[in-house]
Amino acid sequence: MPLLLHWLRYCWLPGLLLAAVAAQYFNLLSFRGLLLPKLPYVLLGIALSLGVFFKSSRVAFVAVLLLAGYTAVNFFQVVPVGETVVGLALALAAVNISLVSISEDRSPLNGFGVLLLAVITAQGMALAELQRCCSAQLGGWLHFPVGSMLPPWLPDILKRVQSEDLLLISAAAFAGLRAFWRPEHIGVGLFACVLLLLGAYYAGAEEGTLVLVAVSVGLLLTLLALRSAYELAFRDELTGIPSRRAYSRYLLTLGRRYSIAVVDIDHFKKLNDRYGHQVGDQALRMVAGQIARYGGGRAFRYGGEEFVVVLRGGDNERASRSLERMREKIAGYPLRLRGASRPRKGDSRALSKRGQGGGKVIKTTVSVGLASSSREMRSPEDVLGAADRALYRAKRGGRNRVCVHK
Ligand SMILES: Nc1nc2c(ncn2[C@@H]2O[C@H](COP(=O)(O)OP(=O)(O)OP(=O)(O)O)[C@@H](O)[C@H]2O)c(=O)[nH]1
């Protein structure tokens, strides 16, 4: 169940868009008036600029790919709508998107970006050449019945598969597997783009459908680029939970009654010194995950090994119960070390400790200070200050405990 929820977090946006496209295609909704043939240029252009600006090579690559394809269809008639080469162009675009979906994002304005641009240009030229010299044979190649070579006991539907189907279905399966295996916004979004191209192919790729698909992909890419910009600004890179900047924003949404808890890992410096920063980072990720899950409110990484949890309602009793449970969960969590920091060359003492982290299980604890808003303490700064003083008492009292500001 948690895996499904985790997955849903990433697929609601592409899912909504796919549903809107399907509703439009089956005439359940009508945006026809909005689907101007020039709109894909605007949306894909915006997506490309955002991809370049926010260093997302995946978004930028897909935007350039579709801009080139759409321009070819509209202006140069290199790929005339309705002929077999449109199917090949859609299949190639789907394969490209699924391949790029497994790469990591990096700056599109470097060697890698130029390589991707060269790949798109080469494919465009090859398509134009195919169209010019062998359009007669093209149909034969694309509709080659690959499925007819399968064993006779397999279902008929598989035996009807042609080379073009094979390309498109493999691209969709590849992007789908990648999105399912390591769900994140851009991976799931690119899988949705492949599904849109698949839909366009099976819908017959006539002009109206191509505009609909190009507009939808442009919109989706733009939203993905904005989403990754949001993640950059408001999510802590190491732990994946909202950052201090997100905390400041969240405070603006609070009512009069709320509580703030400050959570600090105990003896974290010792843990870092003994096992290295990599293990320290692993502990930070574990603690952040447990706070987000059991803290009873919205968790943020405040800085270093310090987190804050904001709980609505201002009920000290309820807040301290959930924080106590969270503290127990963290204290009982067996952190299996993946490996100590790599020793420096020539450091024989460090070399003798090599691999000491691998497989070893350690436990870590946290101290928590909690305070709630009141008549005397209205501003979040005051409440945070009181929670900090309560945290100090928890540390002085022996650590691994929750102290409440009275
Ligand atoms: N691995 C890792 N360490 C960090 C990070 N941010 C801060 N630290 C370390 O966190 C440690 C904080 O140590 P202290 O503030 O002395 O606190 P402590 O050792 O937890 O001691 P008490 O709070 O008194 O229990 C320092 O050694 C920092 O280098 C980070 O992102 N990764």
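The first residue you see is number 1, and the count goes up from there.
Backbone N, Cα and C atoms are what each Cβ position is placed from, and that goes for glycine too.
What you see is a predicted model, and the numbers here were worked out from it, not measured in a lab.
Residues or ranges marked as domain 'GGDEF' by TrEMBL: 256-406.
Look at TrEMBL and you will find 338-358 tagged as region 'Disordered'.
What TrEMBL records for 7-26 (among others) is transmembrane segment. For the transmembrane segment (7-26), the residues of the chain that approach it from at least six positions outside its boundaries are 32, 179-180, 183-185, 187-189, 191-192, 195-196, 199, 203, 209, 212-213, 216, 219-220, 223, 227, judged by C-beta separation under 8 angstroms.
The transmembrane segment annotation in TrEMBL covers 38-54 (among others).
Sequence-distant contacts of the transmembrane segment (59-79), counting only residues of its own chain at least 6 positions beyond either end whose CB sits under 8 Å from a CB of the stretch, comprise 37, 40-41, 44-45, 47-48, 50-52, 85-86, 89, 93, 96-97, 100, 105, 108, 113, 116-117, 120-121, 124, 127-128, 131, 186, 190, 193, 210, 214, 217-218, 221, 224-225, 228. Under the heading transmembrane segment, TrEMBL lists 59-79 (among others).
Annotation comment: TrEMBL describes 85-102 (among others) as transmembrane segment. Within the chain carrying the transmembrane segment (85-102), a Cβ under 8 angstroms from the stretch's Cβ atoms is held by residues 57-58, 61-62, 65-66, 69, 72-73, 79, 116, 119-120, 123, 127, 130-131, 135, 138, 142, 164, 167-168, 170-172, 174-175, 178-179, 186-187, 190-191, 193-194, 197-198, 200-201, 205, all 6 or more beyond its ends.
Annotation source TrEMBL lists transmembrane segment at 109-128 (among others).
Using a Cβ-Cβ cut-off under 8 Å and counting only residues 6 or more beyond its ends in the same chain, the transmembrane segment (186-203) has close neighbours at 7, 10-11, 13-15, 17-18, 21-22, 25, 56, 58-59, 62, 87, 90-91, 93-94, 97-98, 100-101, 105, 164, 168-169, 171-172, 175-176, 178-179, 209-210, 212-213, 216-217, 220-221, 223-224, 228. Under the heading transmembrane segment, TrEMBL lists 186-203 (among others).
What TrEMBL lists as transmembrane segment is 209-226 (among others).
Residues 60-64, 66-67, 70-71, 108-109, 211, 214-215, 217-219, 221-222, 224-226, 228-229, 232 of the same chain sit 6 or more residues outside the transmembrane segment (38-54) yet have a Cβ under 8 Å from a Cβ within it.
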